């Protein structure tokens, strides 16, 4: 039996992309600053001209998922960090945008196997958003920590689980169709 856990100290070979929604940039820029601070303190070169982090600006949070998915499909990155803010207004726009962005970010991760971190703040007011982007704490830091851990964890899983689990033909059809054969095979071998 093995235990896998992401590392926060071996970051040199890791590559990240950060997708930032420009709308509500007062908040998203603060999130980006927190994200960069965390990455730097963990040994990641955050210089846009360096070789570890690329930055992509999009008009707003709604555009984040499609760009995150495209970046993940490139297989150049160990994790994608999505940053932005959706603030409630007087119309149902908030509910629609925040829901679709969350679904899109999750789909980008599931479809590509690359960790895509949901760093889109949803808040009732600008004040709430600013409190979460630097006045009280900066969730940009938290999103970067998630990216560091998941990128490291996925590298470990890919290198340690690659070969022994290729044969899934003896598994129940539900596992085969859900593409979960590797995990099921491991539990059958252990049990």
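Glycine residues also receive a Cβ, built from the backbone N, Cα and C atoms like all the rest.
When secondary structure is read from DSSP and collapsed to three states, residue 93 (active site, proton donor) falls in the helix class. Positions annotated as active site, proton donor by TrEMBL: 93.
Following the DSSP three-state reduction, the secondary structure of residue 118 (5-amino-6-(D-ribitylamino)uracil binding site) is strand. Within the same chain, residues at least six positions away from residue 118 (5-amino-6-(D-ribitylamino)uracil binding site) with a Cβ under 8 Å of its Cβ are 82, 102, 105, 106, 143. What TrEMBL records for 23, 61, 62, 63, 85, 86, 87, 118 is 5-amino-6-(D-ribitylamino)uracil binding site.
According to TrEMBL, the feature (2S)-2-hydroxy-3-oxobutyl phosphate binding site maps to 90, 91, 132. Within 10 Å of the C-beta atom of residue 132 ((2S)-2-hydroxy-3-oxobutyl phosphate binding site) sit 22 other C-beta atoms, taking all shown protein chains into account. Mapped onto three states, the DSSP output places residue 132 ((2S)-2-hydroxy-3-oxobutyl phosphate binding site) in helix.
Ranking the binding-site residues 23, 62 by other CB atoms within 10 A of the CB puts 23 at the bottom. Comparing CA positions across the recorded positions 91, 93, 132, the one lying closest to residue 85 (5-amino-6-(D-ribitylamino)uracil binding site) turns out to be 132. Closest by Cα distance to residue 132 ((2S)-2-hydroxy-3-oxobutyl phosphate binding site), from the recorded positions 62, 63, 87, 93, is 87.
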